[in-house]
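J.: I am attaching a structure below and will ask some questions about it afterwards.
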Amino acid sequence: MASLQKTPLLSSQSSPQNTFPRSPPVGTAHITSSGPRSWTMLASAPVLSQTDVYFTSVQGCRSAYNLTTGISLSSSKTRGTSTTSSFPAKILSVVATGSSEKSTTNAEALMDHDHVRSASHPSVDISKDWRLSEGGLSPITTPHPTPTTINSTVINSTDTLRKHVAIPVPGHDEPIEDTAQLAYCIRLLNKKHGIPDSLLPSSSSTELSPSTHESDYEAWVQYMESNPLEKAHLYSVVNRMVSKFVEEPTWETDSLREVVHIGPLLDKDHHRELVRIVLQGFQRSTSLDINVLHGLVQLVRDGPSDSCVPEDMVRTLAYIRERLKKTVGEDTEDTVYLTRAATILLTTLSTCQSKDQYHVEYERWLKVLSTLQKDMNSPVRFQARYGRQILIAASNQRTLDGDPDLNRSARRISRLLRRPQESYRQKQWFLDVQRAKGLARSRRCTDLFLLIHQGPNVHDTNFQWHACQILGELAVDPSCDDDTRHQAITLIHEYAKASGTIKSGPVIRRWALTILRHISELSVASMPAGSFDPQAIYNEAIMENPPSLICGRGARSMKPFDIAHPLTSSLPPPSTSPLLNKVNTDPDIEFAIDRLLRQRSRVYDRCAIYIQLLSKHSLRASEDVLVELQERTKNFLESKSQVLLVLGDSGAGKSTFGLRLENELWAAYKAGGPIPLFIDLKTIDAPDKDMVHQHLEDMGLFTEQQIEDMRQTRLFILICDGYDEYQKWTNLHTRNQFNRPRQWQAKMIVNCRTQYLGPNYRNYFEPETATFDNSNFSHSSDLFEEAVIVPFRITQINEYIELFTQAPKTIEYLGEEAGWSTEQYMERLKSITHLMELAKNPFMLKMILDVLPTIAKTTIKMTRVELYDRFVELHFESEQRRLKAQHSSGKMDNGTISAFTSLKGDELIAHGLDFSKQLSLHIFRELKGLNSVTYSVMQDSGSWKDTFFGSDAQVRFLRQSAQLVCRENLQDARHLIRHKVRPSRKPNSYEFSHRSMLEYYYSCLIFDPRGNDPQLDLANCLDSTESPLPVINHPLGQTDIVSERSVINFLAERAQHSQGFNGQLQSILQLSKIETRISRASANAITILVRARERFNGADLRGIRVPGADLSYGDFDSAQLQCSDLRGTILRNVWLHQADLSEAHMDGVVFGQWPYLQEEESVKCCSYSPGGDYLAVGLHNGTIAIYDSSTWSGDSSHGHPGTPKDAQTGGHRSTMISPSGVVSSLAYSPNGRRIVSGGDDKMVRLWDVHTGAVISLLSGHTEGVTSVAFSPNGDQIASASNDRTVRVWDTQTGSLVSTFTGHTDNVTSVAFSPSRKHIVSGSEDDTVQLWDAQTGALIFLLSGHTAEVRCVTFSPDGEQIASGSSDQTVRLWDAQTGALTLTLNGHSWEVTAVVYSPNGQQVASGSDDKTVRLWDVQTGSLCSTMSGHRKVITCVAYSPDGRQIASGGVDSTVRLHDVQVDETGYTMNGHAGSVSSVAYSPSGQQIVSGSWDGTIRFWDATTGDLGSTLSHLGTSIVHFVSFSPCGNRVASCSGSTVRLWNVKTGAPIATLSLTEDVRSPVFSPNGNQIALGCEDDVQLYDSQTGALCSTMTGHADLVTSVVYSPNGKQIASGSRDITVRLWDAQTATFTFSLGGHTDYVNSVAYSPNSQQVASGSDKIIRLWDAQTGRLCSTLMGHTADVTAVAYSPSGRMLASGGYDKTVRLWELHSGECLVILQGFQDDVQSLAWKTGLEDTYFVVGNWDKSVRTWRVVEAEKGDLVCLNWRSSPHILILTKACIQGVQGLSRTNLRLLQQLGAVGQPG
């Protein structure tokens, strides 16, 4: 194929196949051979020629052709001999030839001449240079033309003729003088790697100062490069100038000239903004402002060199076109200027790389220009023709690309021209005009003058008109030297002469006269120096022309066209610099920043003890992989992310880290770099309203102008401290509009206490980004990161203590105990219960180390609130000692002595506590808990603040003794006056040393075991019989503390350890039944009680009023809550089994859970719409159901798509029916208007979402379709099939694009990469394959899975691939290299679905194990497990906002899971894995549990408090646990290992390792033996020595359960061989085999009298006679396999649990099922009764990770079972809860309660 050869002088053109240009003009060509792949055409002397020659390069071959005959004149590959060949198939380049001898003198003759005479030519040797003349082609001996004289004036042969006006660079510390100097300096800096000659002044310039030489410029550049501050300042000046213009556009000439002059120096975004402003000014002006028009054109044309912005040009052209239409035919100058502006922009647009997208604009302009070329005004006609040629050139260029759309556009333009496309080519005069303009721009003036004076188109009227204009622009250009300008004027004069050397007609002469007149009117300073007089030349030209031409009388074509601005279309440099002057008046920003740096350095306490904090990636991430917070922050600052949320408990070190980070950033600060700001949010009046401006203003260091300048020019690193103390939950990043145009550019590091987060906390921190059309904003999770500070590790505690012992402060504070070593501190820490756990918090660790020496000998256990008690007491004791010492030494002033005496110094502790408590009361009451009190003597005198911060000596004395910090407003008055900085209005502020101290003191107001003021004593308030006012006025009734979780936690600990306080809170609840005014106090009270783990199971709470209370994780089993006021209560994970809620008010209650979507068939697939508004669900019966995600409501009927709100449910649900029978996969199109589905019928269907109709039916697969996916732009669909192929389809046509083959088994999943370049597929051949989407080539075969690959997907950035497999793993692969990066283990069955979160930070996977698991993709750690499905999960989908996950399963439900769940307010101390075994201790005081998390946990059987936790090292699952008869040992098994543990110490006693899996290790009744269930036998071991005593064989499979009879004579064993065997315990011999089971025997148990054996297996419980082996009876009722059975202590009842998620109590005498316990979220694994004489308590171990104890209560209607306590309260239970007549329950919550088993009809 031919390649287009471009030359510096000539534009190439295309010509249609086998068609010659029609009659090209006669002229000459100078042919130059310049290399094997280029041709250069140079103009030579004007000699008439008989032949036109065409040159081309086809596949490297250079050829010359006769244009008439098509015979090759020469051909050569490189420099070979010439040959003759036929005309090429495709013409690619046509040489410009000359015009006719004469120019026309009338308007009709102004059209181009097409006449040509031609003759043949012999072959020529093109290795030489040739001249074409009448005699033929003759070689030229000189490669370039010789200098030519024009009117005896010699043209200088030097090409670089630019005159470099001397622009001196500024000296050190000197300001920029004017805008021209500024622009020049910026250009110098941009060319720092060697300054080009074009930027240096010419040595011949007479205006250049002798002191300004090239070395001065080099030295200046070097100085600027070595001073980044100076350099940054220079660039900032440009940005500030533009910012001032954009803010207040002014169309005053010099201001406009300034911004136009510096426009090319801007970056793309700022340049576009400037264009927008100027375009607005042009659009709004009623009359045409030439300066604005010229400025607009110049800005658009001369934009940033690294990018072309065609959108700006098209927008500008559209406005010009509209205005031009209004002026057509009016014969005004406006038409001339607008046409000229349009041609300039069209020229620029045609050079843009993306010009092909704008052919519609070309077509519109062709119509306009076609009209204008007939205009009576000659400049309009000539400009219109020129513009028309530009469009032709652009259209011809588009046809070369082979794009059918573009060729169709070219044909449309051709039809507009009313010529066949074959003749659709450029005019030769246009090519020479283009050459001339290029030569003028590059200042190759010699070649330019030769082209104008002697070129092939010298007599063409169109060329002459444009040549005059080009010469005129050179003549007035001050950057050209004088000789060049003289020559330009001389040539114009030649055009103006009636008898000049250049033959020109009247139109051209008049145009030349107009230009000469314009030149003569310019000021002397702007014209060439010397005796050359433009005015004289103009006068001479006037004399040489007839008056009719000058006056404009005569022919129609001679109508006057004098215009004010015939030449330049660009604005000259500004004569003054108003914008620059404004900027230069601003003081130095860096000076103020330096003062800020020094100020902040003084704030940071370098003596503070600091240990590097560790963090995990998110709240849900495990702590297996931790990184230093400092390293995490560094990575954030280097990333594109904009917000880093740092989370941690109160006292975790967040503020200290923030201060340290700020200090380190200031230490590394460089001028112009990012500015770190530590912002205490509670000290800002309104952080959501221009926070940075407020903070900088309050510092008193910056002027308003400087602040605004920094807004536009600087990047800030904002360290925002105490978001939770800010008290207004809003997105600070969004409200402050950070990182938006003309707003603060910032990276935010925000810290917040973890316990104050809500369920959707990310909404308050994620940045918002604009959509592509800037129409709205949406959360962008990929710009958000979080880091969660984890508690101190032992090594960190040890390191901290080591630094603490070396700190000088501790010696004075601790007195005689100051000499403790690190080891001594650690020893004391471990000796006090709970203290080591508290020490994991940095703030509390400091308190512990302060108080430890005073409590080490007297304290054995300490809670958090007790630690604060002792720390506060020790603080005031220390203050008291210090003041007494001052008083004794006489160092105390008189005022302090008086206060000390009046307060009775010995009672300082009581006075100090009361002062602090009262202050906290006012802070919560008056400031809503804001730990920052500003105090001004002028403003606050007489207010409550005066009581605590006034000048009274006693007040000052107590304030100084309290734990308060004063933040003084320190400002340098001299700095304020010198720089006219407005003083800060903020007075001094006071705050408690730590937020938790404020919360502690307020909790003491409510209850303090040391005693309170009688008026605040809660007991006294309750004893009042007159009215409830004392309770109402009590702090508990004055302030809503439900959301103050730290205060609640302090009080909850008080309630746990003080029966009196607990009773007072209970009394308030009872009082609320009859007194509505104490509802706030009662809501606070019940919140405290629930947090204290007070259980209300069976409690009489009828009529209580607790609106707004937080009852999360509370236990209310069988509670009486009739007619209670529960409005706005939080009921997340509450236990309401059998609770009576009838007639209760439940408006606005929050359950924290969505109802599931119930379908009529199993769910096969699901997909969210791109906007997240809808969820499409594919079912096994072929139905596609579409749900409205705003309500999640719908019924199971087959409604028509687009059906309005359902009358029954209030939600939207539409359906589409597929005849395939099974919808195996579906996906939304990127625009949300289409759905593609695949099914078992081998078809791929494309649906219209609105109508529900099938748009396309794609057939081709030979087996069922398993997976479908849209390409990112929606133009293609990929489908996978059991026919082992992947097929790609065209969405519009439905045609098959390509088929990928390579898998050797069924293809199960397919996905497009976000870039659309790749496709990934997974198959049952155990592989993942990555394909090139365009070619179908296999890129990578990813192997590693050991079973079928069930699902694959790309990460949102396309860098990673996730795959799920039947091997129970999720694997993450690098999409660029194919390398395996992570393997995620945790699922216990096949992984069926995998999907990335929208931000790519997490992966969700669904499995046959009925769980959805959330993984961290960076660490591979498991973040959370979501349960709820009762059967296999088939699909998982993330909502587009990343807040929700939908999962579908075989249980015919779609479950909705909130990704961000609020579990921060509750400490989870339960198992992290399924509970496999539970057992009571013989005393009944303890419960032991074993779990799949590899741990053994001990629980207080009465309270549920967690005791010790033991871990099986190196293993993951504890299958079974049991107590020894004496209760001092526990046996456990895991894998093939059995361990014995000391219950008291938790130490392992013995370990028994076998070669096979072990189950059910149990002690004999006397404790001497342990029986183990093994692979196919039962083994007996000595419990003391571990020696094997005997082996009982007979089972054919794994023994799952072993039990001794209570009398010790017999052993029963159950096995997977579906039998139960009874053995003689003394002889270890087989006795009976109990058959009849149809499935595994999972559990066996003996009755208390040893006479009966119960076995659980296949939905049936069988009872056997232990003596005869006879089947006595069966208990049927379970709907799935029975997993556990246990006899009650009396033998009256049997408890059983199973895979049906129920526990049943059976009466053995009658065989009746007494109670069915429902609401378990997963399978019941283990049961055990509390030993004793009563059938009162039993414990259940569940697959949902919980341990629950139940209490059996005798009732009139039979036994009633109530929950006693539960270990992991993370499940919402409402089974059998009565909601009859409930008021205010929302429709969504009603559906949820009904699904959870609530009964009754609400009101």
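A Cβ is built for glycine as well, from the same backbone N, Cα and C atoms used for every other residue.
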J.: Of the ranges 1-35, 141-175, which one does TrEMBL list as region 'Disordered'?
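T.: Region 'Disordered', as annotated by TrEMBL, spans 1-35.
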J.: Which residues of the chain, 6 or more past the ends of the repeat 'WD' (1384-1425), have a CB below 8 A from one of its CBs?
T.: 616-618, 620-622, 624-625, 781-782, 784, 1347-1348, 1350-1357, 1360, 1362-1366, 1368-1372, 1431-1438, 1440-1442, 1445, 1447, 1449, 1455, 1457, 1459, 1461, 1722
J.: Can you work out which residues elsewhere in the same chain, 6+ from the ends of the repeat 'WD' (1426-1467), have a Cβ less than 8 Å from its Cβ atoms?
T.: 619, 754-763, 778-779, 781, 1045, 1110, 1112-1113, 1132, 1152-1172, 1175, 1177, 1189, 1192, 1389, 1392-1399, 1404-1408, 1410-1414, 1701, 1721-1722, 1744, 1769-1770
J.: Please report, as numbers and ranges, the same-chain residues at least 6 past the borders of the repeat 'WD' (1468-1509) whose CB is under 8 Å from any CB of it.
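T.: Same-chain contacts beyond the flanks: 1093, 1515-1523, 1525-1527, 1530, 1532, 1534, 1541, 1543, 1546, 1722, 1725-1732, 1737, 1739-1747, 1749, 1764-1768, 1770.
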J.: Other than its close neighbours in sequence, what residues sit by the repeat 'WD' (1675-1716), given a CB gap under 8 Å and a spacing of at least six beyond its ends?
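T.: Same-chain contacts beyond the flanks: 1430, 1639-1640, 1642-1649, 1652, 1654-1663, 1722-1735, 1738, 1740, 1750, 1752, 1758-1761.
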J.: Using DSSP, what's the helix, strand and coil tally for the repeat 'WD' (1592-1633)?
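T.: For that range the per-state counts are 0 helix, 24 strand, 18 coil.
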J.: Counting each residue once, how many in the repeat 'WD' (1216-1257) are helix, strand and coil under DSSP?
T.: 0 helix, 23 strand, 19 coil
